[in-house]
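Asks: Per Swiss-Prot, domain 'KaiC 1' is recorded for 1-243. The ATP 1 binding site annotation in Swiss-Prot covers GLY45, THR46, GLY47, LYS48, THR49, SER85, LYS220, LEU221, ARG222, THR224, HIS226 and rests on sequence analysis. Marked as Mg(2+) 1 binding site by Swiss-Prot on the basis of sequence analysis: THR49. Under the heading domain 'KaiC 2', Swiss-Prot lists 257-512. The feature ATP 2 binding site is assigned by Swiss-Prot to 286-292, TRP327, ARG447, 453-455, SER457, HIS459, LYS461, with sequence analysis given as support. Sequence annotations record features per position, and here Swiss-Prot assigns Mg(2+) 2 binding site to THR291, GLU314. What Swiss-Prot lists as phosphoserine is SER427, and the listing cites sequence analysis. The phosphothreonine annotation in Swiss-Prot covers THR428.
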Amino acid sequence: MQFPPASGSTQMQVQKLPTGIEGFDDVCQGGLPIGRSTLISGTSGTGKTVFSLHFLHNGIKHFDEPGIFVTFEESPLDILRNAASFGWNLQEMVEQDKLFILDASPDPDGQDVAGSFDLSGLIERINYAIRKYKAKRVAIDSITAVFQQYDAVFVVRREIFRLIARLKEIGVTTVMTTERIDEYGPIARYGVEEFVSDNVVILRNVLEGERRRRTVEILKLRGTTHMKGEFPFTMGTHGISIFPLGAMRLTQRSSNVRVSSGVPRLDEMCGGGFFKDSIILATGATGTGKTLLVSKFIEDACRNKERAILFAYEESRAQLLRNGTSWGIDFEQMEQDGLLKIICAYPESTGLEDHLQIIKTDIGQFKPSRMAIDSLSALARGVSHNAFRQFVIGVTGYAKQEEIAGFFTNTSEEFMGSHSITDSHISTITDTILMLQYVEIRGEMARALNVFKMRGSWHDKGIREFVITGNGPQIKDSFSNFERIISGVPHRVTTDERSELSRIARGVSSED
């Protein structure tokens, strides 16, 4: 038996058509297979129609590929109006003969259809439109409506299969939508739609905690590879945006340039400041001074004529301006100079994927050299651990990709003593961790600061007193006379104990 030459295998590989949908081509590793059909399945409101329209719109706008939209549900006028909400001028594309909307919606009078079911007429209309407009892409919305109009499921299945076979014969790339009942139940309502399609994509809109979370999953991509699992997505003002975190690569450059924290003593503790492209986390109980450190970080950027952006999820803009004034920081002047942008929003105002999209959009437009989020813990309220972890990875990955220094805060639940920073999924992602906490010394409450971690650099290991004054933060000497500060039960070291420790240290040194 003879095998074809190795070069023939390349020719036989499935070619892919880019959809142009942000993130989706990363998930399917290049796009949808050319000349094949893809089933877009989801419950009501998951974005199936938007996906199919986005597929056609991008084909026309970015790849000069005319498209045909076959509607079995909405009228062409409703489709044009709904698309306009995403900034898509489909009417202009229709007038330019780049897009044709074929209306196959049911008779509004609800008249019964007599005789046997046959799609021959519709198939010929689609075939004619494809030839006339030289279409490369076809979207059918939705085949569920066809099943609902006729009782003979096996006959409808046969006709749908005949339609898809004809489209495949013509060579167009087709997406068609179908409705399912449950988010994690059968793929399609009638249980046959997925068998007549080459590829299956599932859209979900699941209630997690108190919020809805949209995800996309490629269940089947026949003859080619794709990323596995669910990936979050959002529907914004420009359509669908998918966040394929699995496609992120650790290929960003690493800078040796340092930037100041805005607090000279803290810079000394960090070996000369933070790295330019590092992610810094300040974690501690409420009131320990996390927002103050963020403010000084932002102020230092603006003082050096660099742009900075602050995303605040716990305080209003007025509160931030007032608090900044009490520390001698004029945020309002920085805004007027065009060096600072402040975005304030309630975490519950939208989903995490939407917050991530807003962050990426604002950073892309403002182009800052530093960013800050105050705080991550506020965004974690009411969402699953997995959703929050993906959000943090998305934000930090984007910041590193853009070579932006990021300063985030996290509020710990414990008011006194040590607290875990691993439960928030961010301890291993961040480059520098500043731990702030309350300590009781001689019957008075004091604040302590420690550089808990600093990747790739020497840093001070001491636990130092952190004081907030009208002129900002002051970092004083370490609590050298105390131990067990981190545990929350500081113990004063006596003179005898200090002498003994010094003697032991000298003994170890002499043995070396």
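Note: Cβ is positioned from N, Cα and C throughout, glycine not excepted.
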Asks: Over the domain 'KaiC 1' (1-243), what is the model's mean pLDDT?
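Replies: Mean model confidence (pLDDT) across the domain 'KaiC 1' (1-243) is 86.
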Asks: Near GLY47 (ATP 1 binding site), which residues of its own chain have a C-beta under 8 A away, given they sit six or more steps off in sequence?
Replies: LEU203, ASN205, ARG214, PHE233, MET235, ILE240
Asks: Tell me the Cβ contacts of ARG222 (ATP 1 binding site) under 8 Å, same chain only and six or more apart in sequence, or just say none.
Replies: PRO33, ARG36, ASP198, ASN199
Asks: Just jot down the residues in the same chain as SER457 (ATP 2 binding site), at least 6 apart in sequence, with C-beta under 8 A of its C-beta; none if empty.
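Replies: When sequence neighbours closer than 6 are ignored, SER457 (ATP 2 binding site) has CYS270, GLY271, GLY272, PHE275 within Cβ distance under 8 Å.
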Asks: Once the chains shown are all counted, how many other Cβ atoms turn up within 10 Å of the Cβ of LYS461 (ATP 2 binding site)?
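Replies: Cβ-Cβ neighbours of LYS461 (ATP 2 binding site) within 10 Å number 10.
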Asks: Ranked by the number of other Cβ atoms within 10 Å of their own Cβ, which of the binding-site residues HIS226, LYS290, ARG447 ranks first?
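Replies: Output for this query is LYS290.
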Asks: Need one number for the ATP 1-binding residues GLY45, THR46, GLY47, LYS48, THR49, SER85, LYS220, LEU221, ARG222, THR224, HIS226: the maximum pairwise CA distance in Å, whole number please.
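Replies: With GLY45, THR46, GLY47, LYS48, THR49, SER85, LYS220, LEU221, ARG222, THR224, HIS226 as the binding residues for ATP 1, the largest Cα distance is 34 Å.
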Asks: Return only the integer: C-alpha distance in Å from GLY45 (ATP 1 binding site) to THR286 (ATP 2 binding site).
Replies: 39
Asks: Any idea what DSSP makes of LYS220 (ATP 1 binding site), helix, strand or coil?
Replies: strand
Asks: For THR428 (phosphothreonine), just count the other CB atoms lying within 10 A of its CB, please.
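Replies: I count 8 other Cβ atoms within 10 Å of it.
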Asks: Within 10 Å of the Cβ of LYS220 (ATP 1 binding site), how many other Cβ atoms are there?
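Replies: By my count, 15.
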Asks: Of the recorded positions LYS290, THR428, MET454, LYS461, which one has its Cα closest to the Cα of GLU314 (Mg(2+) 2 binding site)?
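Replies: In terms of Cα distance, GLU314 (Mg(2+) 2 binding site) lies closest to LYS290.
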Asks: Which whole-number value in Å describes the distance between the Cα atoms of THR291 (Mg(2+) 2 binding site) and LYS220 (ATP 1 binding site)?
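Replies: If we compare the Cα positions of THR291 (Mg(2+) 2 binding site) and LYS220 (ATP 1 binding site), the gap is 47 Å.
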Asks: Minimum Cβ neighbour count within 10 Å among the binding-site residues THR49, THR286, THR288, THR291: which residue?
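Replies: THR286, out of the binding-site residues THR49, THR286, THR288, THR291, has the fewest neighbouring Cβ atoms within 10 Å.
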Asks: Ten-angstrom check, please: count other Cβ atoms within 10 Å of the Cβ of SER427 (phosphoserine), all chains counted.
Replies: 16
Asks: Restricting the comparison to the recorded positions THR49, LYS220, HIS226, SER427, THR428, which residue's C-alpha is spatially nearest the C-alpha of ARG447 (ATP 2 binding site)?
Replies: SER427
